[in-house]
Each structure stands twice: as C-alpha cells, then as structure tokens.
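Engineer: Provided herewith is a single structure, encoded as structure tokens, for subsequent inquiry.
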Amino acid sequence: MPNPPRTAAIIVAAGRGLRAGAGGPKQYRTLAGRPVIARALQPFCTHPEVFAVQPVTNPDDTAIFNDAVTGLNFRPAVGGGATRQGSVRAGLEALAELNPDIVLIHDAARPFVTPDLISRAIVAAGQTGAALPVVAINDTVKQINAEGCVEATPDRARLRIAQTPQAFRFDVILDAHRRAARDGRDDFTDDAAIAEWAGLTVSTFEGDAANMKLTTPDDFIREESRLTALLGDIRTGTGYDVHAFGDGDHVWLCGLKVPHNRGFLAHSDGDVGLHALVDAILGALADGDIGSHFPPTDPQWKGAASDKFLKYAVERVAARGGRIANLEVTMICERPKIGPLREAMRARIAEITGLPVSRIAVKATTSERLGFTGREEGIAATASATIRLPWGAEGLAG
C-alpha cells in the first residue's frame with residue numbers, strides 16, 4: 001500500500017431519519033444554521049488525505065441535497081438501497097472505478113467528525129485493514145430479558161460504543177459486501193459487523209465523545225444549544241445603497257421585480273435593498289464591501305441578479321462557522337409603495353438566505369418630499385445585519 005494511501009470516503013445519507021421528528025430526513029435539518037449533511041460532508045471534502053468523497057442519497061431527496069451542500073466538492077451522489085447496508089454497497093460500487101486503497105464509511109447523521117478523527121481512521125486502516133472508532137462506556141450496562149428483567153451485568157471494561165467513520169482496505173470491504181449480498185444477508189447494522197462476518201479481524205482506535213449520532217428530537221435540541229453557545233462573537237454591520245431612476249418599466253427591490261414607470265441606472269440589476277443587505281453582512285464580517293467583491297468595472301456583473309450577491313455574503317458567514325441572527329432593511333422612497341410588497345419581500349429574502357422569515361424585517365419610510373428621494377429621482381435603502389461567529393474565527397475564508 002502506498003504511503004500515504006489513496007483514501008476515499010462514503011457518506012451514507014439515504015435514510016429517512018423519522019425518529020428525529022420535524023417531518024423530514026434528519027440529515028437535511030439545520031443545526032445552528034447549517035444543514036447536518038453539510039456539516040458531515042465538509043471535513044472529508046477538505047481533508048488533505050481524502051481524494052474522493054462519494055455521497056449516497058435517496059433519489060427523492062436530490063433537490064434538497066443539492067441545496068444543502070452548495071460549495072462543497074464531491075463526486076455525484078448515487079442512489080441508496082432499501083437498507084443502510086445496501087446504500088453502503090452502492091457507494092462502494094460507485095468507487096470501484098477509482099480503486100482507492102482505503103475507504104472511510106461515515107453516517108451523515110454524525111455531523112461532528114473532526115479532521116483528526118479522519119486522520120486516525122486512515123492510519124488505523126493502513127495498519128490493520130479494518131478498524132473502527134470506539135468510545136468507552138462510563139455507565140453500568142444491564143442485559144435484560146423479554147420481560148424487562150435483568151439477566152446479567154456485562155463487564156463494561158470490555159464494552160465500547162461504535163462510531164463512524166469506519167475504515168477498511170477498499171478491496172476487502174467491497175468483497176465482504178458483495179459476499180453478504182450473494183448470501184442474502186442484509187441485516188448488518190454497521191460495516192464492521194460485515195467485516196467480522198467475513199472473517200476479518202477488526203481493530204479499534206480512539207473515537208471522539210463529541211462525534212455523536214443525531215437520532216431523536218432531544219439530540220437536536222441539546223446540540224443546537226451547545227453550538228449556539230459557542231457562537232459568542234456577536235457582531236452587527238450596516239449597509240446603505242442608492243440608485244437613480246432612468247428609463248424603464250420596472251425596478252428590482254428586495255429580490256422582487258416591481259412594475260414602475262421608471263427603471264434603475266445601475267451596473268447590475270440595481271436592487272438597492274439586497275445591495276444594502278450585502279454590505280451589512282460583509283461589514284459585520286469586517287470583510288470589505290460589495291464593491292470590493294463585485295467591482296462595477298468587471299463586465300461579468302453587468303446586469304447581474306443581486307440574489308447572487310446576497311447568497312455569496314451568506315456563504316461567507318457560513319465559511320467562518322457562523323450564522324445570521326437577524327436581517328433588517330429599510331426602503332426610502334415615495335414610489336413604488338412598499339407596504340403592499342412587504343411580506344413578499346420578506347419571503348424572497350428568506351428564500352435567498354435560507355433564514356426563517358421571522359428573522360427578516362422589511363420597513364419603509366419617505367423623506368417627506370425632501371432630497372432626491374422626495375423628488376422621486378431614485379431610491380435609497382439602509383440595512384443592518386446581526387451575525388454570530390465562533391470566537392477565534394478572524395481568518396477569512398478564501
């Protein structure tokens with residue numbers, strides 16, 4: 001085996017996760033503002049020793065999967081099977097053309113895997129060919145019978161809780177999965193059990209107590225509180241934008257195409273509301289302004305839709321491990337009237353940012369017929385953004 005070995009990863013995300021509640025697969029729920037599946041994928045996608053990441057998903061989830069993992073680099077997802085075992089086999093078969101030396105198999109419902117744990121998995125598989133991370137059991141364990149009565153008290157010193165990523169030589173675990181399928185065995189709950197059944201010696205290495213699997217609603221409540229408490233660097237930014245009227249029959253405001261007797265004079269679509277929000281978010285990040293990221297001298301932004309700019313700003317927050325707590329924009333104009341459009345604007349901003357509409361405010365005022373807005377020569381907008389970042393997240397994402 002080469003050193004370092006060619007390592008690929010399979011992220012199993014085809015389950016329905018109904019025990020977690022919320023009416024949908026748990027891997028697509030957000031945790032501290034970010035989808036669980038994105039949290040699980042990113043450490044593998046960015047690990048320097050992992051050259052290929054293969055997601056396995058339910059084909060019915062294609063749209064929500066694509067929305068959840070924007071910006072991550074991985075192989076096209078393949079459809080899973082009727083069981084976790086079948087889904088892993090589908091991922092292994094998809095990787096067969098690459099023939100990696102080692103494969104890491106990880107559950108998407110474990111979003112707290114660390115680069116260090118991934119590195120330990122690669123080393124362990126290189127040494128023994130089959131290995132899984134484990135953590136000790138601190139509580140006394142009881143074995144009970146069908147009536148709920150205690151039958152035995154196992155020695156907890158020899159018991160461990162299994163985690164993922166489980167790591168294997170690719171050829172041996174692929175062969176074990178194929179043999180199990182031929183023999184009609186589809187009842188294994190993890191890949192180490194298949195390796196054991198196939199006669200392989202499975203070693204263990206130190207896991208991580210924080211690398212827990214999200215299963216129940218209480219798991220989400222607890223981890224949401226823990227992650228939010230870590231985001232103690234609370235920042236506020238402000239933004240301002242203005243555009244003059246020119247010829248046209250509509251204006252773009254807060255992501256909506258609004259009929260009007262004038263248009264905007266602008267390099268992009270001139271959406272003053274979204275531009276002000278972008279500057280507010282970038283200001284909270286101390287990350288320049290909209291002009292430094294999208295220069296008006298660059299022809300690629302000519303006529304560009306401003307929702308692209310706002311999505312980019314939101315991604316900058318996520319790249320720093322943060323979340324947006326609140327967005328507020330105030331439109332300053334005589335016409336068009338903002339009141340009838342307010343709720344549609346809030347909904348559109350929520351759609352662009354992925355935030356609940358309850359965290360978005362759209363307000364309107366006039367300048368009492370004073371100044372350029374009072375003379376109906378253009379529209380102005382002010383905005384504020386409150387974000388939460390983890391302490392020590394000063395470095396900008398590339």
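Including glycine, each Cβ sits where the backbone N, Cα and C put it.
Pulled these features from Swiss-Prot for this protein:
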- 1-234: region '2-C-methyl-D-erythritol 4-phosphate cytidylyltransferase' (REGION)
- Arg19: site 'Transition state stabilizer' (SITE)
- Lys26: site 'Transition state stabilizer' (SITE)
- Arg156: site 'Positions MEP for the nucleophilic attack' (SITE)
- Lys213: site 'Positions MEP for the nucleophilic attack' (SITE)
- 235-398: region '2-C-methyl-D-erythritol 2,4-cyclodiphosphate synthase' (REGION)
- Asp241, Val242, His243, His267, Ser268, Asp289, Ile290, Gly291, Thr365, Thr366, Ser367, Glu368, Phe372, Arg375: 4-CDP-2-C-methyl-D-erythritol 2-phosphate binding site (BINDING)
- Asp241, His243, His275: divalent metal cation binding site (BINDING)
- His267: site 'Transition state stabilizer' (SITE)
- Thr366: site 'Transition state stabilizer' (SITE)
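Give me the lay of the land around each of these features.
Structural biologist: Counting every protein chain shown, the Cβ of Lys26 (site 'Transition state stabilizer') has 27 other Cβ atoms within 10 Å.
Around Arg156 (site 'Positions MEP for the nucleophilic attack'), a 10 Å sphere centred on its CB holds 13 further CB atoms from the protein chains shown. According to DSSP, Arg156 (site 'Positions MEP for the nucleophilic attack') is assigned to a helical segment.
Long-range Cβ proximity for Lys213 (site 'Positions MEP for the nucleophilic attack'), meaning a same-chain Cβ under 8 A and a gap of 6 or more residues, is found for Asp107, Ala109, Arg110, Gln163, Asp219.
In the three-state DSSP scheme, Phe372 (4-CDP-2-C-methyl-D-erythritol 2-phosphate binding site) is classed as helix.
In the shown protein chains, 29 other C-beta atoms lie within 10 A of the C-beta of His275 (divalent metal cation binding site).
Under DSSP, His267 (site 'Transition state stabilizer') is assigned to coil, being neither helix nor strand in the three-state scheme. Counting only residues at least six positions away in the same chain, the Cβ atoms of Pro296, Trp301, Lys302, Gly303 sit under 8 Å from the Cβ of His267 (site 'Transition state stabilizer').
Take the CB of Thr366 (site 'Transition state stabilizer') and look out to 10 A: across all protein chains shown you find 14 other CB atoms.
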Engineer: Could you measure the widest C-alpha to C-alpha distance across Asp241, Val242, His243, His267, Ser268, Asp289, Ile290, Gly291, Thr365, Thr366, Ser367, Glu368, Phe372, Arg375, the residues recorded as binding 4-CDP-2-C-methyl-D-erythritol 2-phosphate, and give it to a whole number of angstrom?
Structural biologist: 30
Engineer: If you measure from the CA of Asp241 (4-CDP-2-C-methyl-D-erythritol 2-phosphate binding site) out to 10 Å, which recorded sites from the list Lys26, Arg156, Thr366 are inside that radius?
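Structural biologist: Those close enough: none at all.
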Engineer: Please work out which residue of Ser268, Thr365, Ser367 has the most C-beta neighbours within 10 angstroms of its C-beta, and give that one of the binding-site residues.
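Structural biologist: Of the binding-site residues Ser268, Thr365, Ser367, the most buried by Cβ count within 10 Å is Ser268.
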Engineer: Give the number of CB atoms, excluding that of His243 (4-CDP-2-C-methyl-D-erythritol 2-phosphate binding site) itself, located within 10 Å of its CB.
Structural biologist: 22
Engineer: At a 10 Å cut-off from the C-beta of Ile290 (4-CDP-2-C-methyl-D-erythritol 2-phosphate binding site), count the other C-beta atoms across all protein chains.
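Structural biologist: Counting Cβ neighbours of Ile290 (4-CDP-2-C-methyl-D-erythritol 2-phosphate binding site) within 10 Å gives 27.
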